[in-house]
Amino acid sequence: MSADDHFHIGRDAEFGAFWPFHPSSEVNLCVAIFFGLTTLMHTIQAFVYKQAFCWVVVMGCAWESVAFVLRFLGSMNGNIPAYYIASSILFNLAPLWVNAFVYMVGVRLIWLGQPEQTVWCIAGKKLAKVFVALDIICFLAQGGGTSLMSQASGSADDSKIKLGQGIYIFGCVAQLCFMAIFAVLLLTLRRNGKRSGQGWGHTRPILLLELVIYIVMILISIRVIFRLIEFGGGVSHDNPLTSNELYAVGFDAVPMIVALYLLNFVPPGRVLRGLETGWSGKILGDHELLVNDTHSRSLSSTLHPAWRPNME
């Protein structure tokens, strides 16, 4: 039976013991193209806006692309375990790169707009390190759990599967908690800005980027919650969420495609252009927001002195 006869085909024991389903070549090729295009756009935008930290989101896009290329190749030959193992690891971990990118963008907004450059008495530079470190913890937990489950797939080693399942679920729960804390942090920043009448909150580019950050975090949360439900029901081939690839495509791949294209349409690099990515406390030139916005002079006065361009 060919994977192209239907968009979803149940597990075929003759196809490959590792795969819980017979992947559709059409679906996976289509998704790979979508991720490939956004990878190209993010790469171009990183160079155009000269924001070196954007390599993080490029990495997330690339991992998604490679994951679905491997799934496409796996649809042709299910007897090569590497296709399944590598694609599963890349597919499950790629969103964590995007999550880290959201943290980095949010912290840079704090660094740009908060006069004291602190939130909750934590300096901007430390905030970046803290949240990236937390994301790395999630990365290691989810990566280790996925690796254990993928290697034990199709075998009778239930202990390894359950261990991997537990580690992966821990990583997902931790990721949701850290994102919730980060969202509260950004909301605290906006509330403080409104109370003090200071900050960058009234500029349209910042408002739009801030909205995109919230939407992207919601989309990432959707795929994390789906994974919790999926693996909470077990990872056996009898689990309908595991044995039907359309669930993973619809609740994991599609939200990430939307998130990545939103970041293309509202590129953080364009809003942050003019800031030195080395975090040296200097400005490379007049920041685009301050030059173009009608309230540029009042906004400039609210920025930390190290970030004020020469507006005279």
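The backbone N, Cα and C atoms fix where each Cβ goes, and this holds for glycine too.
Quantities reported herein were computed from a predicted structural model and do not represent experimental measurements.
According to TrEMBL, the transmembrane segment annotation covers 20-40 (among others).
Long-range neighbours of the transmembrane segment (52-70) within the same chain, counting only residues 6 or more positions beyond its ends whose Cβ lies under 8 Å from a Cβ of the stretch, are 28-29, 31-32, 35-36, 38-39, 42-43, 45-46, 83, 86-88, 90-91, 93-98, 100-101, 104, 108, 253, 256, 260, 263, 268-269, 277. Summarising the annotation, TrEMBL assigns transmembrane segment to 52-70 (among others).
Under the heading transmembrane segment, TrEMBL lists 82-106 (among others).
The feature transmembrane segment is assigned by TrEMBL to 127-145 (among others).
Taking Cβ pairs closer than 8 Å, the transmembrane segment (165-187) reaches residues 92, 96, 99, 102-103, 106, 109, 119-120, 127, 131, 134-135, 137-146, 148-149, 210, 213-214, 217, 220-221, 224-225, 227-228, 231-232, 234-235 in its own chain, all 6 or more past its ends. Summarising the annotation, TrEMBL assigns transmembrane segment to 165-187 (among others).
The annotation transmembrane segment is assigned in TrEMBL to 207-226 (among others).
For 246-266 (among others), the entry in TrEMBL reads transmembrane segment.
Among residues of the same chain six or more beyond the transmembrane segment (127-145), those with a C-beta under 8 A of the stretch's C-beta atoms are 89, 92-93, 96, 99-100, 103-104, 107-108, 110, 119, 164-172, 174-175, 178, 182, 185, 279.
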